[in-house]
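Reviewing the structure listed below.
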Ligand SMILES: *Cc1c(COP(=O)(O)O)cnc(C)c1O
């Protein structure tokens, strides 16, 4: 081992000032936080110069400095790094709408099966099993959402939105309705909805909420016209409120010839109970990381499949997978036993939006998760997601202005600053909720515990909320105190970002970066 034991240790000192037993690790060595691998043992490796390189001389080198470390040193390095941050494997992560869930390890095992490692250019005849998984996933998602056809290509929910809006645009164009230039979006919607509509070339019409936090039908009536291409909605909405007038809303939108888009971020509240297709939605995306516990992709590489009703299916991205030659039945029929799967291009396709069928290994995890849970398990997941949100809300001291809600609730930080509340919650060993959005609740603390947490974890979360609710602004502004990195200067971080590596020193109490 190369580590110097006397210099290397967790410098927390063992005190638990806030009495909650939480201290994030601060692994230091020579006063510096866990060094980079390249700052540990170095060895020079000759790479030789006799290779005829097409690169200019100043860009070639004849030796390379590489870290020389044993496997335990490597494992410990990454374990320490993982202890200096907060993740879903560290504790609860109640990010409303953005929905962080534990990623079950069995889906990792399935994705690691040798048979999952197929080359995407293989002849479809030779990868029938792979195509079957994709076709069955399309079928599962279609049945869960009440949609007739599904593409698996988009690499994230936001990318799915863009594809969905492009499909809607192609549909209107095809019907000689290309003049429709407006997309209506409730003001409480996720920022990606607005970005999607704008990127799709549409003018955004922002829709105010009514006093109960739902779509204001009069405002919707006023906004709808023959210029309306689509209304984008999530249901339950970002306040966790079910849009009870959804069938009326769908009728109103369809009456003017518009389409209804479902943002699937909150689908975990409805699994096995209600389907967007049955409510009148025409096109939707699925955030498989929010609903089916696949890893988040940071905007990709994840998966954000898109489902559509029959009329829109010809416009989906190409290629898609379908079953042929079976007992005469096509996709969408779970009882079919097709003998063959093939790729095909939908008749009026908008084209290809991602390589091959999208992020296959993420899709495999979603498939495994859905198959393992089955109808009963998925219905149970939505029950627990809603129960957990309602239990947690009943335990927190902060005011929750809107309800009754489903899988998430939005509390108000009141006199406190929501961002300070969030920083302080980290000191209690829990991740804070989503803050300051939606803006219709001042000091929004948008909280979604998800179905994965036990009652005792929910109690830990409630205790953290309530401890922070009772603290003064001085304490909140000094937070976080017990994390590896302290509060950063967010303005400087945005205005003057340092984009190359600087050692983070452990000696300074505020965890400032060395210059
Ligand atoms: C997360 C989210 C999105 C975007 O989805 P990504 O998969 O993160 O790209 C869109 N709408 C809502 C309501 C969301 O919460």
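One is the number of the first residue shown, and numbering goes on along the chain from there.
In case you wondered, yes, glycine gets a Cβ from its N, Cα and C as well.
Curation does not apply to TrEMBL; its annotations are automatic.
Sequence annotations record features per position, and here TrEMBL assigns region 'Disordered' to 1-64 (among others).
The domain 'Aminotransferase class V' annotation in TrEMBL covers 171-297.
Looking only at the domain 'Glycine dehydrogenase C-terminal' (381-475), the predicted model's pLDDT averages out at 96. TrEMBL lists 381-475 with the feature domain 'Glycine dehydrogenase C-terminal'.
The annotation region 'Disordered' is assigned in TrEMBL to 473-515 (among others).
Feature annotation from TrEMBL assigns compositional bias 'Basic and acidic residues' to 479-489.
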In DSSP terms, the domain 'Glycine dehydrogenase C-terminal' (381-475) comprises 42 helix, 11 strand, 42 coil
Where DSSP helix means H, G or I and strand means E or B, what are the helix, strand and coil counts for the compositional bias 'Basic and acidic residues' (479-489)?
-> 0 helix, 0 strand, 11 coil
